[in-house]
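This report refers to the structure that appears directly beneath it.
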C-alpha cells in the first residue's frame, strides 16, 4: 500500500447493460435502513453467540461437537464485531461515497482491516460448519470411530490458517492513496483518501471473488448438502429399524431378573438414541439454514467473477447489502435453534444464566438491605439513649 496519488477507475458505462429498474428502486429505499437493521442484528448476534460460547464450554456441556459449535459462535461474533465497526464508520461517522465526506488514510486502513476481518471470520465459521456436518455424518455411519478433541483442534488450526491466508490475499491486492482532481475539486485543501485495486493485480482481485464465492460459499453449500443428505438417510434408516423392533415380539408378562436387566439396557439405549436423534435434527437445522443463506450469494459472487462489470453494477450491487444482512441474520439465530431443539442446552441456559443471574441480583439486594438495617441500628440506639 502506498500514500501516493490514487487514480480510481472511471465510472463504468452502463448504457449497453440491461437495467433492472425494480432492483434499482429497491436499492434506493433499502440503503436508507440497511445500517440500522444490520446494527440491530449484529448486536443481537454478538449477545446470543456470547451466550452460546459460555453455555457450550460449561463442564457438563463439553464434547467434540460442542467445541465445533463454540468455535462457530466465536467466529460469528468476530465477524459481527468487525461488521459493526465498519458499518458505524461508513454510515454514521463518514459516508460510503469517497468524495462526499473526506476520509483520512487511517480511516481507509480501518475500513479494509474490518472488512477483511469480517470475511476471514466468516470463512472460518463456514469451514467449521462444513466439518460439523462431516463429523456428525462420520459419527452416524462409524459409531465405533468417535471424533476426538485432537481432530477438532486440528480442524480449527487449518480453518484459522485458511482464514488468515484469505485476509492476506485480499488486502495485498489493494492500494490506499489520495484522491486527485478531477475526482475531487481543485479548491479542496483537505486530503481525501480511498482504496482501489493495485495496478497489475486485477487477477488477484478476481481470484478473491472466485475463492470467496465459489469455494467459501458455493462449494461449502454443496458439501453441507451432501453430508446432510447422508445424515437424513441414516436417520431414516434408524427410524425404520426402531419401528421394526417396536412392532416385534411383545413383552412377556413375567420377567426374570436377567430379562429385566436386558429390558432396562434397551430402554437406556432408546433414550440415548432419541437424544442423539434430537442432536442430529438440531445440527441439520443449523446447516440447512446455512445453505439457504449462503448458496444464493455464492452463485451470485461466482457469476460476478466470471461476467463483466454489467452484472456487478446492475444486479449484484443493488442487492449486496441485503445478502450480507441475510448472512448476519443466519449467524445470529443459532441460539434460538439450540434453545428450541436441545433440552440439555435449555437446562444449561436456565442453570448458568437465569438462575445464576437471579441469584446474584437477589444476593446484592439482600446485602443492600442488610447494610441499610445495620446503618439504622446505631441511630436508633442513640435516640434511645437520649430519651
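Cβ coordinates come from backbone N, Cα and C, glycine included.
TrEMBL: automatically predicted annotations, no manual curation.
The shown structure was predicted, so the numbers you read here are calculated from the model rather than taken from an experiment.
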7-26, 67-86 - the range that TrEMBL marks as transmembrane segment: 67-86
280-306, 361-387 - the one TrEMBL records as transmembrane segment: 280-306
Spatial neighbours of the transmembrane segment (280-306) far in sequence, C-beta under 8 Å, 6+ residues away: 65, 126, 129, 132-133, 136, 140, 206, 209-210, 212-214, 216-221, 224-225, 227-228, 231-232, 235, 312, 315-316, 319, 323, 326-327, 329-330, 333-334, 337-338, 341-342
Cβ contacts the transmembrane segment (33-55)/the transmembrane segment (209-234), at least three under 8 Å, sequence gap 6 or more: no
Recorded stretch, among 106-135, 156-176, 209-234, 326-345, maximising Cβ pairs under 8 Å relative to the transmembrane segment (67-86): 106-135
Tertiary contacts of the transmembrane segment (106-135), as residues 6+ beyond its ends and Cβ separation under 8 Å: 1, 64-65, 68-69, 71-72, 75-76, 78-80, 82-83, 85-86, 89-90, 94, 147, 151-152, 155-156, 158-160, 162-164, 166-167, 170-171, 174, 176, 193-195, 212, 216-217, 220, 223-224, 227-228, 231, 283, 286-287, 290, 294, 327, 331
